[in-house]
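J.: This is the feature table in Swiss-Prot:
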type	residues	note
COMPBIAS	44-55	compositional bias 'Basic and acidic residues'
COMPBIAS	69-81	compositional bias 'Low complexity'
REGION	44-100	region 'Disordered'
TRANSMEM	1-21	transmembrane segment
Amino acid sequence: MGALKPWHIAVLVVVLILLFGAKRLPDAARSLGRSLRIIKAETKSLHDDDRDLAEKANAQAGYQPLPPQVQQEPYPQQTPYQAPPQQQPVVDPVQRARDS
């Protein structure tokens, strides 16, 4: 289930041809390819811009090691939780007389 079988693809192609016509499909595929190429170029330029900004910031500030971390005092030790002692169930004297 969920696997795309060859006959699924064939049915999709037939439906697309019926909906859009054989003449418009190559144009649609071409424009889709152009759009994907543009998106790829834009994402690459965004990554390059981020990398350039990081390099400029490092060059301007110079390499500075991180300041040492301040150790925080540990939480004060708490006594472990102790469950209250279990009590014997209270037996009603009337019930005790019936059980005997």
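Each residue, glycine too, has its Cβ placed from N, Cα and C.
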J.: Checking distant contacts: for the transmembrane segment (1-21), what same-chain residues at least six beyond its ends satisfy Cβ-Cβ under 8 A?
T.: 28
J.: On the DSSP side of things, how many residues of the compositional bias 'Basic and acidic residues' (44-55) fall into helix, strand and coil, could you say?
T.: 12 helix, 0 strand, 0 coil
J.: Under an 8 Å Cβ to Cβ limit, what residues of the same chain, 6 or more beyond the ends of the compositional bias 'Basic and acidic residues' (44-55), are close to it?
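T.: Here no positions qualify.
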